[in-house]
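Per TrEMBL, active site is recorded for A:Arg18, A:Asn36. Annotation source TrEMBL lists domain 'Acylphosphatase-like' at A:3-90. The feature domain 'YrdC-like' is assigned by TrEMBL to A:201-387.
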Amino acid sequence: MKAYRILVSGIVQGVGFRPFIYRIAVKSNVYGYVKNLGGSEVEIKIIGREENIGKFFSLLFSKIPPPAKIEKILIEEDNVQDIHEFKILPSGNVVNEPSQIPPDLSICDDCLREILDPKDRRYKYPFNSCAYCGPRYSMLYKIPYDRENTAMRDFPLCDKCKAEYEDPENERRFDAQGISCPICGPKVFLSTSDGEIIQDKDPIATAAKLIEEGYILAIKGIGGFHIAANPFDDDVVIKLRERKNRPQQPFALMALSVDVIKKYAEVSQLEEELLKSLERPIVLLRKKEDSEISKYVSPYLDREGFFLYYTGLHYLLLDNLKEKISIMTSGNKHGLPMCTDEECVKTKLKGVVDYILYHNRKIVNRVDDSVIRISSGRIMFLRRSRGYAPTWIRIKRKLRKVTVAVGAELQNVGAVAFDDKVILTQYIGDTDELNTLEELEKYIKFFLNTYHLTPEVIVADKNPAYQSTRLASKLSEEYSAELVQVQHHLAHGLSAMAEYGLNDAVGIIIDGIGYGDDGNGWGGEVINIKDHGEKYSREYHLKYVPYTGGDINSLKPDRMLALFLSTFMNWNEIQNYVKLSDTELKVLEYQTRKNRLFTSSTGRFLDSISALLDICHYRTYEGEPAIKLEAFARNGKLLDFEFPIINNEIDTTAAFKWIIENGIQDKPSIAYTIQYELGKALVRAALKLNPEKIVVSGGASVNEYILKGMIENSEGVEILTQSKVPPGDGGIALGQVYYISEEK
Amino acid sequence: MSNKDIITLLHGAGGSYMHSLIKNVFMKLNDNYGEVGLEMLDDAAVINDTVISTDSFIVRPIFFKGGDIGRLSVSGTVNDIAMMGGNPIALSLAIVMEEGFPLSDLEKIVDSIKKTAEEADVHIVTGDTKVMEKGSLDKIIINTSGIGNRPPQLDYNINTLRKNRQPSRWLVPTNLRPGDKIIVSGTIGDHEISILSSREGIGFEANVKSDVAPLNKLMLKLLEVGGIADAKDPTRGGLADLLNDWSEKSGLGIYIKEEDIPVREEVRAAVEFLGMDILELSNEGKVVLAVSPEYEKDVLEELHSDPLGKYATTIGEVRKDISGVIMETVIGGQRYVGRPIGSPVPRIC
Ligand SMILES: [Fe+3]
Ligand SMILES: [Mg+2]
Ligand SMILES: [Zn+2]
Ligand SMILES: [Zn+2]
């Protein structure tokens, strides 16, 4: 006889881990117990014959429940006790590690099989879930993850469900908090946009029929409402764009299977894995040239966002559609957060949707869909939200003080951090909008309360115009916590360094605009970062150009183009290249004469090239001109051009001179060359600092061709990009936290 | 010396830089003298029922559409006194000129001063002139100081406030109470856009005239109506600075609606080009009033009967359930209105 004590930590709560241990222990004939240590740690004791213990371990490592994640496992020999059964013991009080809030998971294959089986009692049941699947965080009021702490508390278990819940032999339903059935669970309703309920035996099938007929529907999911519409009908898509006041921003498409998606887009193996993963992110895939999806779904882009169903409701809805695919875009009006209740749909989406398909389970926490793309073979988050948040990220350093980071401003994400754990909030949105700013505060406080923390340090950006900075000073007063401000691009660099546990690195930060230490708008920077940011020097940057007029230049690429041209061309000549009225150009000229603000932004540079090549003249969503420029370069070739590096500036104006001198014929190749060469120039600059490691971050680092230019010219120095959090402003909070961290 | 150790143009722009300068440097001078003294940082001060105020004017160009530096110098100080509830009587006038300044221009300015003083019914009673070497200043600087007395209309107005509060004897921000309506007397931004379009090189398709005007007579009529808790003119820093001032000094929140703010189409178009925020544009002939709700209708009626208040509207109200200044946007969102920083800071990443 032998005995072992095993300590497991990671995602081991709310994912059927203890019942799993119980079952494999019984199966392999070992005795002992399993118990929750109150945190994200589980203690297991096993006693048995050596071959049985071997069997137990092999089952443990091969059959682990899909959503469980073992971060750390400690196995030690223990003394043999006289125990002859295996038990699940009540949770311990010793909190070694606080329990981790489980993220939302897509419906598992077993649950799906049940709802497709006419003989199963959960046939066509849209809310089927089990220990291994279903919503978690989005319906959680507080931890521990018990039914009475979730929105499922409104649905007491019926006798049959209760029996399943209490039966330790029931692999998927024993002790599973979110389970339900058609008798005891939530119900689905179909209503008009005013909320008038339409009596219908099968509201989901009817909703599908309405989508096919060209109506626009609000669909209640698990983290919020989607808006569904027929993606094949140009008129419908245009109608949706008008109603949503979203002229160009792409809509995501939800499909029933990867095979369906493959009809419209190219899917690599890695992309297929991402699509099928339990987190079910939206993946931006390369469109097929002959795709039948309306071109208005993602206008002028070469990628389109696809994701798979992640609830029974989605599955049943899509299965009722002829082509098994629908537009599923977030249910909000442009600039406002996604709706999470019917009231919001009836008021805020009035005039946008024709019908509402909803259910009576409350959405406790808004969780938007996650968005991922692959650039030059690397996973890049554009949005880290459902499925991932609020799983914590562990860093190789340590926080001696409880830290709150408020991130940046647009597409914002905040963080709460302690020990070596950084909990990034789900995607919050644009915090210049007051309600969204309040949500940032709400979710930061939710994590503070959940993990019983009082912040000692609040970290914010240095930008005095950010509302998040305002929140930071409010929080710092409220908790008497120290307020620390970190430069935007340093935070981007640190975010990447946090992923790799680096103390020193050379950071190439390619971004829109952030507030620089000299008051100018930085955004194309090579920063030598030492001691996790305590020391840093900005060694190279894109050439400074005037930034007269401020944010309006972000919206109108032609203004920015004129400002670039104004560095080497007179204003009479400029008017031949920009699409601006005479008056606006005159105003710009006048303002430029007294300009005191400059920028080294990569985003604004790409925007201007996009305008010069007549690709995009107005920005209606974040990054639009640059994203369209990237799309344009798809079949481009490398032409003969190189950016000069003069002193500490990469001369971006050379690109305009080159294009104007050579004329604009082969636009894709020009677009390709500019982006590729920009990456190359940045890496050349970085290499002058003899770096061991180069980290790349900032919103523009998802750009396929810039990245390619870097990777292919790095002379063997590793180019580290971000794969755990977005390199855009959604990852800033991680960098802000890392700045505060200390040696372990 | 770093940028922080020297005075920059930002320190004069009426934004947060200027406020920190006042707090950190000038407040040394404060010894809490007077009924309304330096500590209030209001438009004017009050000593023994005498209202006193001073202002220097350096507008470029000195002659612009709708006015000139002379009219501005009189209106500015007259308005500051009127915003306290005072009745301006007399002004001093100090002029500093650059060597080479055309006499004809000076005469034009003085004529304008005379005309505006008559319009406001105030007297220029003392003055001073200095000339400086060419290049040591740009053309001309005018300073006016003024005094005013306490008009009986103010007593009446303050009395009307006693129904629902214990007001100060003067029009100061601490008089604000939740529920008070925020009224502006007309279109916002005319002065600043007029100045910009009068400058060399810029000519907007449509001409916007500066609103520069003395408001003291209008103010007396409004005090006769009653219910005025405070009045303030949105000059440098515009509505944004003014409302933040009110919110900070009263400890109450202010909620406004973007769609209710009166703005001329030409101003809106110009702002589009300039990348400016309408709320931060300066005005020289507008008053913003905090009015007890039961007087809202009468105050608006009185305003509409006067050419200076023709486009007056209610843009919001004072609230205690919020803090700071919040604006409901046209798309149905809400945003905090901060104090202007002095120059645009890029925010979009
Ligand atoms: Fe950024
Ligand atoms: Mg006043
Ligand atoms: Zn399941
Ligand atoms: Zn049931």
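Any Cβ shown, glycine's included, is placed from N, Cα and C.
Of all the active-site residues listed (A:Arg18, A:Asn36), A:Asn36 has the fewest other CB atoms within 10 A of its CB.
DSSP classifies A:Arg18 (active site) as helix under the three-state reduction. Model confidence over the domain 'Acylphosphatase-like' (A:3-90) stands at 88, taken as the mean pLDDT rounded to a whole number. For the domain 'Acylphosphatase-like' (A:3-90), the DSSP counts in helix, strand and coil order read 24 helix, 36 strand, 28 coil. In this structure, the CA atom of A:Asn36 (active site) is 8 Å away from the CA atom of A:Arg18 (active site).
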